[in-house]
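Reviewing the structure listed below.
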Amino acid sequence: MSRNEEQYLNLARRILETGASKMDRTKTGTHSIFGAQMRFDLSEGFPLLTSKKVAFGRIKSELLWFLRGDNNIRFLLQHHNHIWDEWPFKKWVESNEYKGPDMTDFGLRTQKDPIFAEQYKEQKKIFVDRILNDDEFSKKFGTIGDVYGKLWRHWPDANDDGSVDQITRLINEIKVNPNSRRLILTAWDPETTPFATLPSCHVMSQFYVVDGKISLQMYQRSADYFLGVPFNIASYSLLLSMVAAQTGLEVGEFIHTIGDAHIYNNHVDQIKEQLSKPTHKLPTLKLNPDVKSIFDYEMSDIKLENYIHEDVIKAPIAV
């Protein structure tokens, strides 16, 4: 078993066995622990879990979306990525403009009521079609607020004379001052966070350069361990690899530090199934070496080789 994947599975067991029982914002309930860390040595392979299939295409398109500074899900939908749909959808069905059947607590009700689940699918299709084809509707209901990419690329300037592009500043600083202890990327703005559809979960990253290698530590305040964390591990490992490529450095470690690491009660059976599966050798990440800027990567410039995995394990998302 890969040491990189083993630590993910071991932490899953720890959460199941020792986690506190906590209610949460979504009314689903969790097994929760506070304070955990995993270290992934990227020289041992790209840390995309193999004990279940993880959709790498969605990870790629989400990270490219972040790097665009975008906060509207239209770009994701154009790439058949629906991981952010539920929160803007919730904003729409709770608005005065929504005229369809009652969608209260749709995340939980779809799991229990087959008739309601069909109604939900119909309304969700209407929502997606309008985001893709109706500019006014997309502008009003397709955004998720000032989180992630919006703050990475367009942090509000305190002097009100523009915005701060953290990514550009970060890469330039790595090139000219790699020993800096200020190689920080943040996505938590206390002023705008209360108005976000879903406040940023992975809130701060720090880059570290030594002996020609660059590493990245990310702090995540809240971690959906079964659905979210496998994406987060791969996404920040991909970001680290892209930054390394653009700064002429070798890739070191991705260090994942978590505050509230939780397994939702309706994910327990799924993660137990995953724990029963075999693991495989980690895949290899290949980036197009001809890409000159981190902002110029396209989906086709990012490839994964030799990804051997177990089957998909589906689970409902807590909204």
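One-based numbering along the chain as shown.
Every residue gets a Cβ built from N, Cα and C, even glycine.
Proximity of Cys201 (active site, nucleophile) to non-local residues of its own chain (separation of 6 or more, Cβ distance below 8 Å) is seen for Gln220, Arg221, Ser222, Ala223, Asp224, Gly228, Asn232, given in sequence order. Annotation source Swiss-Prot lists active site, nucleophile at Cys201, citing sequence analysis.
Proximity of His262 (dUMP binding site) to non-local residues of its own chain (separation of 6 or more, Cβ distance below 8 Å) is seen for Ile15, Gly19, Lys22, Asp24, Thr30, His31, Ser32, Ile33, Ser222, Ala223, Asp224, Tyr225, given in sequence order. Per Swiss-Prot, dUMP binding site is recorded for Arg25, Arg181, Arg182, Arg221, Ser222, Ala223, Asp224, Asn232, His262, Ile263, Tyr264.
Within 10 Å of the C-beta of Asp224 (dUMP binding site) there are 23 other C-beta atoms, taking all protein chains into account. Residues or ranges marked as (6R)-5,10-methylene-5,6,7,8-tetrahydrofolate binding site by Swiss-Prot: Asp224, Ala318.
Take the CB of Arg25 (dUMP binding site) and look out to 10 A: across all protein chains shown you find 9 other CB atoms. Cα separation, Tyr264 (dUMP binding site) to Ala318 ((6R)-5,10-methylene-5,6,7,8-tetrahydrofolate binding site), rounded: 8 Å. Under the three-state DSSP scheme, Arg182 (dUMP binding site) falls in the coil class.
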